[in-house]
Structure formats: C-alpha cells, structure tokens
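Trainee: Once you've had a glance at the structure underneath, I'll fire off some questions.
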Amino acid sequence: MNEFIKIVLLFFIYSFIGWLWETIYCSLKARKFVYRGFLVGPYCPIYGFGIIGVLYFLEPLRQNIVVLYLLSTILVTILEYITSYGLEKLFHASWWDYKDVPLNINGRVALPVSLFWGVGCVLIVRVIHPKVMLLEHFLSEKFGLLLPIILLLLITSDLVYTLVNMQSFKKVTTQLSAAVEERKQELAATLNEKRDELSASISELKESVSDEINERKQSKKMERASLIEEFKNTPSIKKLVGHMSYNQKRWIRNYPNLKLKNVKNPSEVQQIIDKNKKNSK
C-alpha cells in the first residue's frame, strides 16, 4: 500500500512539474500566458509516466551518468513517439510537430529534443528527485491513502470530460471549417461578379481596375486580415465559436502546431477564435 501511495504521489508531482515547465516555457516564447496540457487540470501525464519510468528502471544506474543519460534519452523518446501516435489515432489530431527540427522521425520525435529530455532526466534523478521525495514523504504521512484516491478520482473525471469534449471538438471544428470554406466561396462569387461588372464597364476604367487588382495582390496580409474579420462576423461562424467550450478554444489557441485531420484551414480557424476572444474582453 505504501508503494502504491508513493507511485501515485510521484506521478502527480512530476505531472505538475511537467505542466509548470511547459506553461512557463511556452508563455515566455509566446509572450503571453499559455495554459498547456491536454487535460483541464494543471498536470501533463506524459511527464508523470516518463519520470516514473526513468526512476524505477534507471535510478539504479544513477552513479553511471553516461549510461543514465543514454537510456533516459531512449526511454523518453519511445514514450513521446507512442504518445504522439496514440493521440493522433485516438483523436485524429497531431498535438506537436517536430518536422522543422533536424533529425526528426515523422515529426513525432527529434534528436535535439530527445537529447534535451535526456539532460532533464539526469537532473531529475541526480538533483531534483531527492527533494521531491521529501515532499512525497510529507504528503504520505499527512494524508495517507486519502490524497492519492482524491487525485485519481480527479484525473479520471478530467479524462472522461476531456474525451467527451474532444468528440464535440472534432464536430464543431469540422462545422467551423466547412462554414469558413462556404463563406470563402460566397466571397469569391461576389468578387467574380464585381470583376465581370467592371470588365463590362467603360474602357477607361480598365486600367484602374488592373491597378486595383495588382494592389490587392501586393497586400496579401491586409486582404487576409480582412477575410478573417469577415469570417469572424459571419453569423453561422460566430454562433459555432460561441458554442465552443473554454477548453476547446484553449486547445486551438495554445497549440499552434495542432493539426486536425478534419480541418482544411486550421490557421484560419485559430485566428477566428483568437479574434473572438479579444473582442469578448
């Protein structure tokens, strides 16, 4: 029973540390607060599983820093690849993408990232874990079995809620993507009509029309921003975004590399949600 309490507490402590690390790093990188994590609570289970695996399988090798580093790197790389593959198959979504990082495998893992995780694991085993064990011992003595049970019930409820939320997320993003594409076609048809009207107008206007078209080609950013604003204010799109939960919007905003297999225009969907968030403040 004591071992069970210890494993559960360590899992949650390191899941929280992982969440804290990702949130701080991504917030500094984005220059805004970024609440990381697939689940609602402040924990990233992949860190909990990874560190528990390293501690139980590799801590006996803590005195051999080279072997510890190499095996830690291999272990966390395998875990990261399996997690990425599993999430993609389960939710039809890719949550991170290392395709721009050298020496990557299918964008799921990359050598520079894995080497960094290896360093992190060595620091945890050699430096951080002894201090974490003091916290684990205090919590075990103070709360016994009660705290692990509460934490397990909490994360189980969180997982069930997230799984249900993800099914709704897939549905609403598919509808949102379709609404954006439909609005695009409407705008394109309107533009073609105006172009035809201008083409049939007085010949002196042809040169000015040509200049206007060239100016539009040279101002892609302004045109794109205008389109996003147009999409955002489309009633059907506005309604769909309004029905999205906080967690669903957070996934889109805080995971810029999130790739949904059912969405043709993820960047536009992300910008629409961001625009709606800013206007709702």
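Cβ atoms here come from the backbone N, Cα and C positions, even for glycine.
Pasting the feature list from TrEMBL:
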type     : residues : note
COILED   : 177-215  : coiled coil
TRANSMEM : 7-25     : transmembrane segment
TRANSMEM : 37-58    : transmembrane segment
TRANSMEM : 65-85    : transmembrane segment
TRANSMEM : 105-125  : transmembrane segment
TRANSMEM : 145-164  : transmembrane segment
Trainee: Counting Cβ pairs under 8 Å to the transmembrane segment (145-164), which of 7-25, 37-58, 65-85, 105-125 comes out on top?
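Mentor: By the under-8 Å Cβ criterion, the transmembrane segment (145-164) pairs most with 37-58.
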Trainee: Same-chain Cβ contacts of the transmembrane segment (7-25) under 8 Å, 6 or more residues past its ends?
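Mentor: Tertiary neighbours of the transmembrane segment (7-25) are 33-37, 42-52, 55, 124, 128, 132, 135-136, 139-140, 147-148, 151-152, 155.
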Trainee: Which sequence positions outside the transmembrane segment (65-85), separated from its termini by at least 6 residues, show Cβ-Cβ distances below 8 Å to it?
Mentor: 46, 49-50, 53-54, 57-58, 94-96, 105, 108-109, 113-115, 117-119, 121-122, 125-126
